Every structure is written in C-alpha cells, then in structure tokens.
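Since the structure comes first, as structure tokens, the remarks are kept for the end.
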Amino acid sequence: MSGDTGPSKQGGTRYGSISSPPSPGPQQAPPGGTYLGEKIPIPDTESGAFSLRKLWAFTGPGFLMSIAFLDPGNIESDLQAGAVAGFKLLWVLLWATVLGLLCQRLAARLGVVTGKDLGEVCHLYYPKVPRILLWLTIELAIVGSDMQEVIGTAIAFSLLSAGRIPLWGGVLITVVDTFFFLFLDNYGLRKLEAFFGFLITIMALTFGYEYVVAQPAQGALLQGLFLPSCRGCGQPELLQAVGIIGAIIMPHNIYLHSSLVKSREVDRSRRADIREANMYFLIEATIALSVSFLINLFVMAVFGQAFYKQTNQAAFNICAKSSLHDYAPIFPRNNLTVAVDIYQGGVILGCLFGPAALYIWAVGLLAAGQSSTMTGTYAGQFVMEGFLKLRWSRFARVLLTRSCAILPTVLLAVFRDLRDLSGLNDLLNVLQSLLLPFAVLPILTFTSMPALMQEFANGLVSKVITSSIMVLVCAVNLYFVISYVPSLPHPAYFSLVALLAAAYLGLTTYLVWTCLITQGATFLAHNSHQRFLYGLPEEDQEKGRTSG
C-alpha cells in the first residue's frame, strides 16, 4: 500500500486500513461525514511549494479546536495560577500548550489518514465493554466542560448587568442562547468558522486590554515563562499546575479535532496529498494555539501582577476607595490571602483600573463561554456517533448535554453562593486532568499502528514524547488523588472513592495494555487483540464501511 496509486477493490489505494469508499462528488460528503455535511475543496497549486491559498483552505478546524484552550475553565485556572503563584507557573502554561499541540497533531493525522475520527476508530477496534466505559468517560468530560461554560457565561451576565441578573438567571439564559447559536449551522461551514474567529478576536482584544492596563513586570514575566522552576512552592501551587494541565489539554478536544479535519476534501489515495494536508493542519494548529497561549498568558500575567500575595483586606480597601465601592463587601475583611475567582477577578480589575476594565473582562468571559458551547456540542455529537453509531440532531444532542450541565449548576446557584460555584469550576479542571488518559492513550495507540496509519504511523521520537506526556499526566493525577483522599469529610466517602478508583485503574490498565501492543510489545497480543498488530480482518473492515 505504498505509492500514489495501485490496484484495489475500489480502483485506488486508500490510506488507512479502515478507509471508506470515495465520496460521490468533490463537494458532497457522506451523510453525517462532517459537522455541516459539506467539504471544503482544496485549490490546486504547484506541487511541493508552500501556498497561502492552500493554508487558507485548511484554516478552520485548528481554530475551532483552540476554543477548548480558551473556555471559562481555562480563564479561571489562569487567574488563580497568577494569584497563587504569580509568574512562577507561566512555564507550565507554555509547556502544557506545547504538549496539547502534540496531542492535537496526532488527532489531526488520524482523521486525515484514515478518514475516520477517533470515536469511530475506537468503535472498530475496542471490545464492547471497554468501548462503552470509554464513551462514558468522554461524555463525563464533555458535561464537565459544559458546566464550566454555563458557570462562566452566568458570571459574565451578572457582571455585565451589575448584579441585576442573578447567577441562577444567567444559568437559565444559557439554555436560550445555546439554541440561538445552533442556527449558525444554516449559514455554511466557512461562515461558522469565521464566527468562531470573531469570538477569538474578541477574547484577544479584551484580555489584551487588561494586560496593557495592568502593565505586568516584563522581566519577572519572561523569567517565569522560560525558567522552569517554582521556588518556595507547596501543595497549592502544585494543584494549580494540575489545573493548568487539565484546563489546557482537554480529553474531548482530541476526539473533536480528529473529526473536524474531515471537513476538507483530501484525496486519500495519494500519499502526497495526505502529507500535504498533515503539514497544513499542523501549521494552522500551531498558529491557533499560539494565539490561545497569548490570551491565556495575558490573563495569568494580569492576575500575577494585580493579585499575587494580596490579602482580602487589601482587596476590600482597593474597592472601597474606587467608584465600584458597592462591590467591596465580596472580599472578607481579614488578612488571609485572597482566593480569587472569575467573578472577583472582574471586580478587582474594575476597582484597580476603572469600570471599563470590569465590563471588558465580562465581554471576554462571555465570548469564551459562548464559543465553547458550540464546540462542546460538536464534540458530543461526534463522540456519540463514533462510539455508538447513534445519530442525533444537534438540537437533541445539546439538549441532553446542557440539561446534565444545568441541573447541578442551577441548584448551586440557587442554594449556595458564588464561592461554591467557582469551587466547582476548580474541581472540574481537575476532573479534566483525571480523564485525560482516556483520550491520550487511544490516540497514541491508533496513530502508532502501521496497519492503520501505514507510513504515517508514529516514529520513535513521537512515541517517546507522547508516552512521556502520558506518564507525566498519570503521575500528577496520582499525586493529586493521594493528596485529596485524606481531606474527605466522612469515612463513608472512602468506599466510593475506592470503587471509582478500581474502575478507573481497570480501564486505564486495559488501554495501556493495548497501547503497549502497538508500541512493539507483541507478546501481549492474544486472540482478538491481534487486530492492534495487523489491522482489522477483511470482514470487520466491510462491517466498518457499512456501519461507519
């Protein structure tokens, strides 16, 4: 199966052992094949030469993917890391973004080479029980991400209305605005991608404005960015580092990106076209994640400058002397270090730099919440279709996800206070980190299979780097669990944690086992797991084509 052309049952070699037959026309995708049922044609240019026209044609999926790097959970993680550690964790943000890019590169390659997304490949290769458990974990990650978007949007509405819209009211508004944004589907793929680009621009301008007015110390900022150290750090700083990793590298985003790249018309019978598509998607993802990194850097630097080592009393005094003195009581009058969240963050910016800073912060937060809503909807639909072969309309899919997200959020908003809502945001960031192995292990497994990826399978360097990412994430998660268990409020919780830990370790062990098979540990392959070495049997391929 090497070379540009060759005989096969379909008249031409198709890369990826589970590839589907060619689509009937250059503009028409198979039903459900892309997120808008259409494909973007790629212009013909001089072979081997870089083309801005081609880069523009491939631009879109990477920026949609980058939205997950900018959701309200990321904003909360950024500002808390700045408030807790100053500039000391900027290097964690930088390298988490680089590691995220490496994972997204693998996701894009899988989609381009095989013509199927990660959920579809999992459906074909994993047995039923692990497959269902894996699907449930990714759905949990999607609901958790959606809860963060609901929280961020509700707080943005509260800030923009000067408190006239209560938090529970903001939560309910998110139901309406979500369905409004679904109407964007009717305006075509490129217009939808342009709208997401507009929201990213809003975030860059609003959070960039906060960076300019805060004027962080540039020397200390550069030192924190490029010197990986954390002098004097303890458990609070470590938990913030875990939160950064969980917020930046989100499990469902890997599944999302592997499906988004299918929206471009790539001739998978030609290895040159596949190689070219991989290159352009990598360039686009690098540009998109560079923008997202700068936006996250703006937020962390602003709060590292304005909030680091601030006490509640100091924050109270700052607001009491400002034009926003009515907000001062949200800060307790004590000398404890202030525990900032996305609501208090907007308030203190307004107290320090004027009301405009507060409203600009709220607009950026609103853009983060709204953009993440749409990408979360697409991720949920792709995951459900891929794992279960169950096709729902986006309306039904968003109704399910948003209902699961809103119920606990609105209960907290009604019966508890803002601090509990922000605390939930922090917990959800850690949840994303805990669930990350259920995306990284499958993508590493399948992109390392020569039977599936052929000449585009991971090389030794890629395997080592991605495996190192996985070991790092698992080590950090293990440390978090060991640190968290002693703080459980009641002994009865220990049995629940033990049950969840057993299920978690069982599924992780299975995924590691199959991953090791593809990395060269052939002695681990038995019976049906031979497919991880040699691809699917011919009859399984045919079933995959008819059901996929």
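Cβ atoms are placed via backbone N, Cα and C, with glycine included.
These figures come from a predicted structure and were not determined experimentally.
Swiss-Prot assigns Glu193 and Asn312 to topological domains bearing different names, which places them on different sides of the membrane. Nonlocal intrachain contacts for the transmembrane segment (398-415), taken as residues 6+ away from its ends with a CB within less than 8 angstroms of a stretch CB, comprise 142-143, 146-147, 149-151, 154, 166-168, 170-172, 174-175, 178-179, 182, 376-377, 380, 392, 421, 424. Here the listed stretches are 56-73, 83-102, 194-214, 285-304, 494-513, and the one with the most C-beta pairs under 8 angstroms to the transmembrane segment (140-160) is 56-73.
Taking the Cβ of Asn335 (N-linked glycosylation site) as reference, residues of its chain lying under 8 Å away and at least six apart in sequence are, in sequence order, Thr311, Asn312, Gln313. Recorded stretches compared: 56-73, 83-102, 347-366, 494-513; the one with the most Cβ pairs under 8 Å to the transmembrane segment (194-214) is 347-366. Ranked by Cβ pairs under 8 Å to the transmembrane segment (83-102), the stretches 56-73, 285-304, 347-366, 427-447, 494-513 are led by 285-304. Stretch with the most C-beta contacts under 8 angstroms to the transmembrane segment (427-447), considering only 56-73, 285-304, 347-366: 56-73. Ranked by Cβ pairs under 8 Å to the transmembrane segment (285-304), the stretches 56-73, 347-366, 494-513 are led by 56-73.
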